[in-house]
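J.: Can you keep this structure in mind? I'll have questions shortly.
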Amino acid sequence: MQPGAALNRRLWLCLGLLQGLANGYSMTPPTLNITEDSYVIDTGDSLSISCRGQHPLEWTWRGAQEVLTTGGKDSEDTQVVQDCEGTEARPYCKVLSLAQTHANNTGSYYCYYKYIKARIEGTTAASTYVFVRDFEQPFINKPDTLLVNRKDSMWVPCLVSIPGLNITLRSQSSVLHPDGQEVLWDDRRGMRVPTLLLRDALYLQCETTWGDQDFLSNPFLVHITGNELYDIQLYPKKSLELLVGEKLVLNCTVWAEFDSGVTFDWDYPGKQAERAKWVPERRSQQTHTELSSILTIHNVSQHDLGPYVCEANNGIQQFRESTEVIVHEKPFISVEWLKGPVLEATAGDEMVKLPVKLAAYPPPEFQWYKDRKAVTGRHNPHALVLKEVTEASAGVYTLALWNSAAGLRQNISLELVVNVPPHIHEKEASSPSIYSRHSRQTLTCTTYGVPQPLSVQWHWRPWTPCKTFAQRSLRRRQPRDGMPQCRDWKEVTTQDAVNPIESLDTWTESVEGKNKTVSKLVIQDANVSAMYKCVVFNKVGQDERLIYFYVTTIPDGFSIESEPSEDPLEGQSVRLSCRADNYTYEHLRWYRLNLSTLHDAQGNPLLLDCKNVHLFATPLEANLEEAEPGARHATLSLNIPRVAPEDEGDYVCEVQDRRSQDKHCHKKYLSVQALEAPRLTQNLTDLLVNVRTSLEMRCPVAGAHVPSIVWYKDERLLEKESGIDLADSNQRLSIQRVREEDAGRYLCSVCNAKGCVNSSASVAVEGSEDKGSMEIVILIGTGVIAVFFWVLLLLIFCNMKRPAHADIKTGYLSIIMDPGEVPLEEQCEYLSYDVSQWEFPRERLHLGRVLGHGAFGKVVEASAFGINKGSSCDTVAVKMLKEGATASEHRALMSELKILIHIGNHLNVVNLLGACTKPNGPLMVIVEFCKYGNLSNFLRVKRETFDPYAEKSPEQRRRFRAMVEGAKADRRRLGSTDRALFTRFLMGKGSARRAPFVQEAEDLWLSPLTMEDLVCYSFQVARGMEFLASRKCIHRDLAARNILLSESDIVKICDFGLARDIYKDPDYVRKGSARLPLKWMAPESIFDKVYTTQSDVWSFGVLLWEIFSLGASPYPGVQINEEFCQRLKDGTRMRAPELATPAIRHIMQSCWSGDPKARPAFSDLVEILGDLLQGGGWQEEEEECMALHSSQSSEEDGFMQASTTALHITEADAESSPPSMHCHSLAARYYNCVSFPGRLVRGTKAPGSSRMKTFEELPMTPTTYKASVDNQTDSGMVLASEEFEQIESRHRQEGSFSRKDPGQHMDISRGHPDLQGRRRRPTQGAQGGKVFYNNEYGEVSQPCTEGDCCPSAGSTFFADSNY
């Protein structure tokens, strides 16, 4: 251990123990092996005493100091202190050994704790008294002088080596014997004698007799004194500083008893040279005498610096005082920080000091400044004292020092940081404690503190009583609100929250120049009353806000309802109900305002307040209704049986707040409509009508409250029947196809409580009914013929537009089982459907807006109650058929359902949640809802915020690592084809059904898109396709439009099936009677209609191109025609996007291999992309790619060079080449090449294959085609049906599709949008995920209206109109 460290440890131990003693704490004392209070041995014997304790020990005894100072050889041999072995309870041990003891070794032997200054017997020390008997030397004291003063008694220290002797005290004139009262003897201390008996003594000796021999002690000379020194002072008291050549004057003064004598002596550096002179002075006062000695040196030098000591002695007492004299050669100023440049304080402190270490002579002038402004007041240059510290006290303080005479100036600055305990601002304003049931509520805590609180913690507890410490106001004697002292607070989470949590966000924003932390807890659906609190911390304090979240069905906890709700009519029964929540209000009362008292004598309106409503209103009798069981509100009803016009006026319901005792009131104005007698605005007139025509008669009525209008014909009541219609509250009579018997007298009678009014008219009918028989026959015949031709045309049109039934099943479903496993036409019958596992009740499914629709089906957003085996409401997507669907379309959707069941659950596949297949309604397939829509639209929207190397949060990186590590762990444990690849990442206990109200980590619309995100999306798609391949399923339409993006950057592969309108989607090109996504199809699929997992790998390469071009359409500017298909077959490929790294480019190239068997498997792609994502290799690749670009010409880009290099390394070259040639020694990480076993490194390099063909390098032959309406592509070019027929016929002539030679050229088409300005945040993402899409994929989705759907997490759009 270093000496400094040991010293520090000792000081720490000493201070700690002293502190413990000062505070009264007990301490275990050391113990001796000799337990007797006194111990007797004979001279010549050896003495050994061991001491043990809990702390380091030390010994002291009479004569020990002499041994240490003399260092004689004898003493070293006879007196030894050594360490010994301690015990577990007392680990420290010291043993004292004395050999050949003699009488002078008699005395007390103390063992004490070494680093504790206080030596307290029985606490910090232990001792024993040892007598070393020497019968020839019973007395062991030395000659000494005894000063006899005015004390009552004194000890004559006649020390003995033999205890129990009879001792007498002898002087020149008397002998004193111990009498046990005034004269006492102690074997350890000597003889105690009254001072009066010693006034005349000149000397004293102790005498004893042992055997026949008398012994006398050494004599004590007696000196009688009454001179007492009181105090001594040396001026100046502190150290004295001088310059060379200045005069030094020191004054040493002693205060002594009156008429005393004192001798002064000085000790100083120049004493031998007699540099100083001192002069004594004496001043007699009334009660004492002042004696001084003044030392003077007229011209000091460097030799005079040092300590100056003054000693005063009167023969009895001796006082010493010293000071330090410092001599400087020249003036100087030196200032340093004492505690560092930055000091901290807390707002509210009474005082803070800003100290500096200042050394200067002569004392300089000074000024303190704060932020370059002078600090007023009187201050000290050594420390600036600030009182009542506030946040405004923070700043930079500067001390300016200067000596104008010497031309010296120094400045030093200190920064004061004032820490402010956090404070929640919402506590200052009253907040509502009543919240409406099923409402969306936001609880906010805005806090400010220094340092800024790092987080805001939210807690909740059930609405149950808990102990409250409340104070009482002395004035009102009512309890104030106190913070409940509850111990059952729980952290707010999305899993076990009593009210579903939509989001919990915390951010920092600048308010009034201060950075404040804002935390918002959004409660999606207020269902249950609870207590919430937010807690904030920083290093100097904490604050919390308690929120009483009381949920009620009454708006604002207090409302008035009236029956009827509209203005009542005179004579109606009226009921006014005042409803108030029992938790908040009590003492309900009804009043009616007096109009005469609402104005003063001058007619001015008076201020109406709920506190004085009784002064302007009349109390009314009302009935308190009996509350229903479980009800938490009271209802006070005011009933008016027959309302009259004089009842019109203002009615006030008054309630009282239970806590504050404040009164609140609501006012309801009751407007009464006076009842009037009915009157006709128009009388009936006589009519003449033809037979088989229509007749209409009106009886318009004016006047309030018409209870009945009755029609009569020939004094017989006319009622509504076939051909006779009464409308508009019976004010209009209509007769269809008038007959002869309808002629007669018609009467309209209108009555209410005030009376009746009538009007009548005659109706005459002319013509005969026989004349219209032929007309009816002709009309009916014409109608039947028209309907027949219309149905015939409709059937012809449907047969032309619709594909065959088998085509519907196989053509509109993207994901199918491998035909090699199960034939397409047998897949629906082969797969089973378990009703008990997947059937979901229709009545618990609430359909919302349409997310997308196709020619035969549609996808609807819906709210499913309890689909996750709980009581929560989840937002789902429902696939269903349009109205009028055929049995074939029904079978196609059923096949899709069974395929989804067969596939099973996986994180990167849109999973099946349930289905409605029972015959009491339409067939509905319920799948997961992905709020961010398809990946293609998402990437296009995020182009503006693309930042390739933006830092990801630790949570995002944890998710990325979990994806890769989870995939590797599952593959190692169960194999890549096992169904257990469905990861547990963010999905709960292995279930695809999401837990309710999962809190989203962040809003993807607000975060920038990075290169790491693109690699992550690619990895997840590859993993999902690996799972589909393991389930013997083929997708056939793998593209970015069929990849959906969910929370936490999770992508899911979907199959829109019947819900995609391929007739309007420009990505589907007509081929014969079908429309196909040619840009994503492998050559064998285009020419041979062969769909395999290898053809899905080709589509995956095109998907990679889409991802790394940020949503661009493949083959930009290329005409999709016969020449395109032929060149694709011949090996021409797209150029890689600019954002693609070398590894990504190699993956694309390998996916586009002409030989399907040479393409990588999805398991290889998962491994490579996983390594890229986990290791961050894309960053290194980008740097190497930039270096590669700089060394190549613009004509031969990095993709071409890197691709050809990787393709054409032969096996021999690979064995002979150095390791650096293989992927830059990073083959295991796949940074600069793609290592597919047996895929890329094969065969020999074909001659002349140093470069590959791209579409833009070979000129396109301009050809004009006539575009039909249904042949649309995104490039504006079409490929007509007859062209495909030519391709197919030519292909049949050439033979079946075969792969090109490995050395064949491959072509990459360049296409990348302008990426300038990516850091601008898009405006469409500023509203929390609402996205507006172009018309390429459908119309803008609309949010669900209130009540139409269950609130979903984030309340965002589905983000894809084609779902």
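Using the three backbone atoms N, Cα and C, a Cβ is placed for every residue, glycine included.
Note that the coordinates shown come from a computational prediction; the quantities given were computed from them, not determined experimentally.
According to Swiss-Prot, the protein has these features:
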- 25-775: topological domain 'Extracellular' (TOPO_DOM)
- ASN33: N-linked glycosylation site (CARBOHYD)
- ASN104: N-linked glycosylation site (CARBOHYD)
- ASN166: N-linked glycosylation site (CARBOHYD)
- ASN251: N-linked glycosylation site (CARBOHYD)
- ASN299: N-linked glycosylation site (CARBOHYD)
- 331-415: domain 'Ig-like C2-type 4' (DOMAIN)
- ASN411: N-linked glycosylation site (CARBOHYD)
- 422-552: domain 'Ig-like C2-type 5' (DOMAIN)
- ASN515: N-linked glycosylation site (CARBOHYD)
- ASN527: N-linked glycosylation site (CARBOHYD)
- 555-671: domain 'Ig-like C2-type 6' (DOMAIN)
- ASN582: N-linked glycosylation site (CARBOHYD)
- ASN594: N-linked glycosylation site (CARBOHYD)
- ASN683: N-linked glycosylation site (CARBOHYD)
- ASN758: N-linked glycosylation site (CARBOHYD)
- 797-1363: topological domain 'Cytoplasmic' (TOPO_DOM)
- TYR830: phosphotyrosine (MOD_RES)
- TYR833: phosphotyrosine (MOD_RES)
- 845-1173: domain 'Protein kinase' (DOMAIN)
- LEU851, GLY852, HIS853, GLY854, ALA855, PHE856, GLY857, LYS858, VAL859, LYS879: ATP binding site (BINDING)
- ASP1037: active site, proton acceptor (ACT_SITE)
- TYR1063: phosphotyrosine (MOD_RES)
- TYR1068: phosphotyrosine (MOD_RES)
- TYR1230: phosphotyrosine (MOD_RES)
- TYR1231: phosphotyrosine (MOD_RES)
- TYR1265: phosphotyrosine (MOD_RES)
- TYR1333: phosphotyrosine (MOD_RES)
- TYR1337: phosphotyrosine (MOD_RES)
- TYR1363: phosphotyrosine (MOD_RES)
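Are these features on the surface or tucked inside, and what touches them?
T.: Across the topological domain 'Extracellular' (25-775), the prediction's mean pLDDT works out to 85.
According to its DSSP assignment, ASN33 (N-linked glycosylation site) is coil.
For the recorded site, ASN104 (N-linked glycosylation site), the DSSP three-state label reads helix.
Secondary structure from DSSP puts ASN166 (N-linked glycosylation site) in coil. Residue density at ASN166 (N-linked glycosylation site): 11 other Cβ atoms are found within 10 A of its Cβ, drawing on all protein chains shown.
For ASN251 (N-linked glycosylation site), the count of additional Cβ atoms within 10 Å of its Cβ stands at 16 [all protein chains shown].
Counting only residues at least six positions away in the same chain, the Cβ atoms of GLY245, GLU246, LYS247 sit under 8 Å from the Cβ of ASN299 (N-linked glycosylation site).
The residues of the domain 'Ig-like C2-type 4' (331-415), classed with DSSP into helix (H, G, I), strand (E, B) and coil, number 3 helix, 53 strand, 29 coil.
In sequence order, THR398, LEU399, ALA400, LEU401 are the residues near ASN411 (N-linked glycosylation site), counting only same-chain partners six or more apart with C-beta under 8 A.
Under a cutoff of 8 A between CB atoms, and with a sequence separation of 6+ in the same chain, the neighbours of ASN515 (N-linked glycosylation site) are TYR448, GLN452, THR508, GLU509.
DSSP assigns ASN527 (N-linked glycosylation site) to coil in the three-state reduction, outside any helix or strand.
Residues of the domain 'Ig-like C2-type 6' (555-671) grouped by DSSP class, helix first, strand second and coil last, total 16 helix, 57 strand, 44 coil.
The Cβ of ASN582 (N-linked glycosylation site) lies under 8 Å from the Cβ of ARG632, HIS633, ALA634, each of these being in the same chain and 6 or more residues away along the sequence.
The Cβ of ASN594 (N-linked glycosylation site) lies under 8 Å from the Cβ of PHE616, ALA617, THR618, each of which sits 6+ residues away along the same chain.
Close to ASN683 (N-linked glycosylation site) in the fold, though at least 6 residues off in sequence, lie SER759, ALA761, each with a CB less than 8 Å from its CB.
Around ASN758 (N-linked glycosylation site), taking its Cβ as the centre, 15 other Cβ atoms fall within 10 Å, counting all chains.
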J.: Work through the glycosylation sites one by one (ASN33, ASN527) and point out the residue whose CB has the fewest other CB atoms within 10 angstroms.
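T.: ASN33, out of the glycosylation sites ASN33, ASN527, has the fewest neighbouring Cβ atoms within 10 Å.
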J.: Hey, how far is GLY857 (ATP binding site) from ASN104 (N-linked glycosylation site), Cα to Cα, in Å?
T.: 119
J.: Please list the DSSP helix, strand and coil residue counts for the domain 'Ig-like C2-type 5' (422-552).
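T.: Within the domain 'Ig-like C2-type 5' (422-552) the tally stands at 3 helix, 71 strand, 57 coil.
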J.: If you run the three-state DSSP split on HIS853 (ATP binding site), which class comes out?
T.: strand
J.: Rank aside, I only need the closest one: which of the recorded positions ASN251, HIS853, VAL859, ASP1037 has its C-alpha nearest to that of TYR833 (phosphotyrosine)?
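T.: When the Cα distances are compared, VAL859 comes out closest.
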J.: Find, for the listed binding-site residues LEU851, VAL859, the residue with the lowest Cβ contact count at a 10 Å cut-off, counting only other Cβ atoms.
T.: LEU851
J.: From the Cα of HIS853 (ATP binding site) across to the Cα of ASN33 (N-linked glycosylation site), what is the distance in angstrom?
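T.: Rounded to a whole number, the Cα-Cα distance is 101 Å.
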J.: Taking just the CA atoms, what is the gap between ASN104 (N-linked glycosylation site) and ASN166 (N-linked glycosylation site) in Å?
T.: 20
J.: CB neighbours of TYR833 (phosphotyrosine) within 10 A?
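T.: For TYR833 (phosphotyrosine), the count of other Cβ atoms within 10 Å is 14.
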J.: If we check Cα distances from VAL859 (ATP binding site), which of the recorded positions ASN166, ASN251, ASN527, ASP1037 wins as closest?
T.: ASP1037
J.: Roughly how many Å separate the Cα of ASN251 (N-linked glycosylation site) from that of ASP1037 (active site, proton acceptor), to the nearest whole number?
T.: 107
J.: Consider the recorded positions ASN166, ASN758, ASP1037 and say which one has the Cα lying nearest the Cα of HIS853 (ATP binding site).
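T.: Checked the recorded positions ASN166, ASN758, ASP1037; minimum Cα distance to HIS853 (ATP binding site) goes to ASP1037.
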J.: Where ASN758 (N-linked glycosylation site) and ASN527 (N-linked glycosylation site) are concerned, what is their Cα separation in Å, rounded?
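T.: Answer for this pair: 57 Å between alpha carbons.
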